[in-house]
Protein chains: 2
Amino acid sequence: MHTLRVDLGERSYPIYIGRDLFATPELLAEQIQGSQVVLVSNEVVAPLYADKVRAALGERKLLSEVVLPDGEQHKTMAMMERIIDRAMADGHSRNTTFVALGGGVVGDMTGFAAACYQRGVDFVQLPTTLLAQVDSSVGGKTGVNHPLGKNMIGAFHQPRAVLIDTDTLQTLPTREFAAGLAEVLKYGLICDAQFYRWLVVNMPRLLARDEAALAEAIERSCASKAAVVAADEREGGVRAILNLGHTFGHAIENHQGYGQWLHGEAVAAGMVMAARMSAARGWLSEEEVQGLVDLQRSMELPVEPPPEMSLADFQTLMARDKKVIDGRLRLVLLREIGSAVIVDDASEDELQKLIAPG
Amino acid sequence: MHTLRVDLGERSYPIYIGRDLFATPELLAEQIQGSQVVLVSNEVVAPLYADKVRAALGERKLLSEVVLPDGEQHKTMAMMERIIDRAMADGHSRNTTFVALGGGVVGDMTGFAAACYQRGVDFVQLPTTLLAQVDSSVGGKTGVNHPLGKNMIGAFHQPRAVLIDTDTLQTLPTREFAAGLAEVLKYGLICDAQFYRWLVVNMPRLLARDEAALAEAIERSCASKAAVVAADEREGGVRAILNLGHTFGHAIENHQGYGQWLHGEAVAAGMVMAARMSAARGWLSEEEVQGLVDLQRSMELPVEPPPEMSLADFQTLMARDKKVIDGRLRLVLLREIGSAVIVDDASEDELQKLIAPG
């Protein structure tokens, strides 16, 4: 088992990474103060792991369970309220702990419910998808989607601990697994050129779900995320680089309807768009862009936006991005592989080229 | 104009108290960064003050307005979402400011919406009821009610500034005005015996809405609140004394249906209950309790719980209070006039005596 730490003063917390952690005696129980737990999962994950987690939680005075429908389209205020309704109905007090067992959708909603329940209770993340393990479970961003934009309602609320049981990746569907790898790739692109090269070499092992390679990739990704979050918890500055590909990606997800393209798939297409724009500015070579395209193709990830999306679609949807400040869209681009920059001067012309390239 | 400061490090903010502040040139405009404002009010307050506030805000690139229905029964997630829907529909970005013009319900909901919109935007409080001016607008507690309990969903989110225009009190209905005075009385009871004596003497002036007396009472109340909040922002300890009468009061409000008893009326009855329990423990004299009862009667405030509420009603409703920790109900009592204590050993017998006294 490896242990990392997210360094945020009194809100610091550990990330544990290893095999069969959900069944490691007392590890989970130790993360929970008090005798009350609300365990939140979804219809797909609960049948696989809820028994194990229930056993690992040990005896509790009050254990409530909420099983949500699966999928990004259910990441709504209504579902978040379902968690709160259950906690209220069962009489959970302010010293309860909400435990999120599932992917990013379950984690984000459970975290947001924990942030709001009685103005804030503890929560613990048990991420079961690669995407949640390397990205959404770490850093305290919680929230739900609004019909007009992704993650538009939420809170910064740090978990007490993150337990990453890498065995869960063996049951993850191929498409979700690849979508998670897109976020792994992101860390190489934005801040770790050496890791990016390692990923190019080791992608076949990762795609074969080699345990050692996965543990290495998760640990390096979480270490990058923890460092960025520690430097800028509430995204006043550098944390925004974690959004490489996300402004384009959010527009794609919103246009297609949440749940049609997976988040990681939309981000993958968005990262290629950001790479192309970076190349057009002379920051990346055409070969580097092609290398990224080839790598993502080998991962069966998209490398283009949906053909039916127009420039106007992107403009309208991106204008609602949280990174818009005083009407100026801010985009994360790559100064080189391993180094991200934030620009606010992207022109319509540059954007047009990404959407109808050539 | 008087200025107080709530001292919370980087979240510190000013409270301005004075006559006709909404029309004081530039005071409001100065509190708002950026060019976007969402002005939230209700059906009763908007017709009285929205024009003035709109003028004081000055030219804005984007000004949206939300007018909510009036009353505690509308302090719901659905109404909070209405504020967010408007902000989203009109394209407000993360650097918008939500301005709350109204009483505690408008302030709490607007603050909670501001806490959650894009994971947190600025907000400014323009409290127009006495209750909001001396209590809810200061201290950063925001939230909405759940069908099973008051203020059960919310966030700690400090305003950027609080502007208390004491002229608004001249239009306040008698019942609401008296309910606000209940919270003023609370500060004397929990932490300022001298102020309590001042209130006994000056109550006729306050009831006649004498400007100078009102300004004095508001300033002393806000100063007490600011000191308690600065010592304990997230209610880990001493801040809980601000809840004198509130645990009983919340049970009354919930039992009667939100909006039937005003919050301050329920708190008033709850304060007498707390005083009686304190007297039964030998901490207050019977004369002191009677003095409080007489004073509240002169203010036309309730001094008893609703006769139809049983011991079981109180027990069930108070068990859901946020101050319950590991099954133990915590109550704020008075060690003497001007000094509150928190107890967690109240017996059923003590409670029974309050509900069917004699």
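Yeah, the Cβs are placed from backbone N, Cα and C, and that goes for glycine too.
Please treat TrEMBL annotations as automatic predictions, because they have not gone through curation.
For reference, TrEMBL has these:
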BINDING   A:70-75, A:104-108, A:128-129, A:K141, A:K150, A:168-171  NAD(+) binding site
BINDING   A:E183, A:H246, A:H263  Zn(2+) binding site
DOMAIN    A:66-178  domain '3-dehydroquinate synthase N-terminal'
DOMAIN    A:180-324  domain '3-dehydroquinate synthase C-terminal'
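Known features from TrEMBL, placed on the structure.
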{"residue": "A:D70", "record": "NAD(+) binding site", "Cβ neighbours (10 Å)": "18"}
{"residue": "A:Q73", "record": "NAD(+) binding site", "Cβ neighbours (10 Å)": "14"}
{"residue": "A:G104", "record": "NAD(+) binding site", "Cβ neighbours (10 Å)": "26"}
{"residue": "A:G107", "record": "NAD(+) binding site", "Cβ neighbours (10 Å)": "30"}
{"residue": "A:T129", "record": "NAD(+) binding site", "Cβ neighbours (10 Å)": "27"}
{"residue": "A:T168", "record": "NAD(+) binding site", "Cβ neighbours (10 Å)": "25"}
{"residue": "A:T171", "record": "NAD(+) binding site", "Cβ neighbours (10 Å)": "12"}
{"residue": "A:E183", "record": "Zn(2+) binding site", "Cβ neighbours (10 Å)": "27"}
{"residue": "A:H246", "record": "Zn(2+) binding site", "Cβ neighbours (10 Å)": "26"}
{"residue": "A:H263", "record": "Zn(2+) binding site", "Cβ neighbours (10 Å)": "28"}
Helix, strand and coil residues within the domain '3-dehydroquinate synthase N-terminal' (A:66-178) as assigned by DSSP: 47 helix, 35 strand, 31 coil
Cα-Cα distance linking A:H263 (Zn(2+) binding site) and A:Q73 (NAD(+) binding site), given in Å to the nearest integer: 11
Integer Å distance between the CA atoms belonging to A:T168 (NAD(+) binding site) and A:H246 (Zn(2+) binding site): 26
Secondary-structure category, per DSSP, in which A:E183 (Zn(2+) binding site) falls: helix
Of the binding-site residues listed as A:T129, A:T168, A:T171, the one whose CA lies nearest the CA of A:H263 (Zn(2+) binding site): A:T129
Per-residue pLDDT averaged over the domain '3-dehydroquinate synthase C-terminal' (A:180-324), given as an integer: 95
Cα-Cα distance linking A:T129 (NAD(+) binding site) and A:E183 (Zn(2+) binding site), given in Å to the nearest integer: 12
8 Å Cβ shell about A:E183, A:H246, A:H263 centroid, Zn(2+) site members excluded: A:L131, A:D135, A:A182, A:K186, A:G245, A:G249, A:G264, A:A266, A:V267
